[in-house]
């Protein structure tokens, strides 16, 4: 009887993962395009470094107080409440959690405003005084921080909407809405380049341009939050923050779990801030590092991370049963993660140079930048596979209410990433410092994944963790697609095409390689989650 249920359950999990991946594709592609446009408009400049750090800072602060942990905590709580007591109980829990999260977000926004001068000093600390007017650099940074501080509250509103949708198995709007934010910022930067000019360095940037960029980015985040509220309303879960609900024991439990898990998001946020600040020692380094993170996130959210997002409600239900149920769900998820992540690793590694050629446009189209970016892409190709496993393990631990081990994994990952970033500063700028710096991503994720996987092993007992057929299928499929990718690389090297032609080569070759991979792996895909 259990085997009869495995098929539909596996198909449902695959369908949800495909929904997340499909809508996330739009969001992540536009997110990558946003960084490409930033590079084209701002170029390898220290002003570009300043703006990119200012733009991501509210998201990093939000991640510190809640971030992805909010969904990991709130989704299982809402799922459990709906099954035990109905939707109204779930709404009450969400209302209480929303009140506490938004209070924290407002406090964090105020704190960012107060600490803006100190943060500006830290961000610009590595700028070369011989090339940059330091006082002006810090003035511009402070002004940008003033405009983007409200985004912390807006990101919190958006995240509450995302959690409400995911708890009810709705993934389309939650995964696709960030595209609106990206498109809004793209329009803001393009207009800034047309009105004030491209490639401006600190000392050349007028205050009016800073005001435009700050307002445009915040309004874009506001549109994103509005869409997530709409998605929550469609699920009947658009709630009003309530102090009374926040005081109830049912709301207090997920909030306490959120507080215990702060390190899960805070440590990675600190790591990213340090990596970007260190990248600021290289002209245009923050933009290259942001491209690395954009490609990493695009790949991860289309592969292992998409699987983990779609799997969280099912993992929560399985964890309420027994270790065998959780192990079965885990094998299904790791099977999907391997089947989607491995071909991305192979394709991105082989096509790193032509992809870098496509991404480095406008003011960023310099031979040295393209070489460094290609090396960075190979690094993130491995990082997306490792990061997907790490994220899936964290989801399983949260479903099993083992937040302490999930937090420990994030702490270990961040320490490893910070150590790598510190060592990168010993490498000369001309010695590919930015490439060594980006190694912090896979090294950190690998360290965290090892800790998390050890905890998952303890949680599920002696049951198998790896879906063997999926692992074999991904390996065989990757070998089959390799000749197609190498032929495409040869085509690029021989033709040395322009931007549009290079993009065409990358798209055509990638599509052909994926088709070969899918055909080769197809016979083993139906076995996902059924063996053992």
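Using N, Cα and C of the backbone, Cβ positions are placed for all residues, glycine too.
Range with TrEMBL annotation transmembrane segment, chosen from 3-26, 435-458, is 435-458.
Packing against the transmembrane segment (264-288) from elsewhere in the chain are residues 35, 38-39, 42-46, 48-50, 52-53, 56-57, 60-61, 63-64, 66-69, 72, 122-128, 131, 364, 369, 372-373, 376, 394, 403, 406-407, 409-411, 413-414, 417-418, 421, 424-425, 429, 433-434, 437-438, 440-441, 444: each is 6 or more residues past its ends and has a CB under 8 Å from a CB in it. Scored by C-beta pairs under 8 angstroms, the transmembrane segment (140-163) has its highest count with 32-54, from the stretches 32-54, 175-198, 412-429, 435-458. Between the transmembrane segment (32-54) and the transmembrane segment (470-494) there are fewer than 3 Cβ pairs closer than 8 Å, counting only pairs 6 or more residues apart in sequence, which means the two stretches are not in contact. Using the rule of three or more Cβ pairs under 8 Å, pairs at least 6 apart in sequence, the transmembrane segment (373-392) is in contact with the transmembrane segment (435-458).
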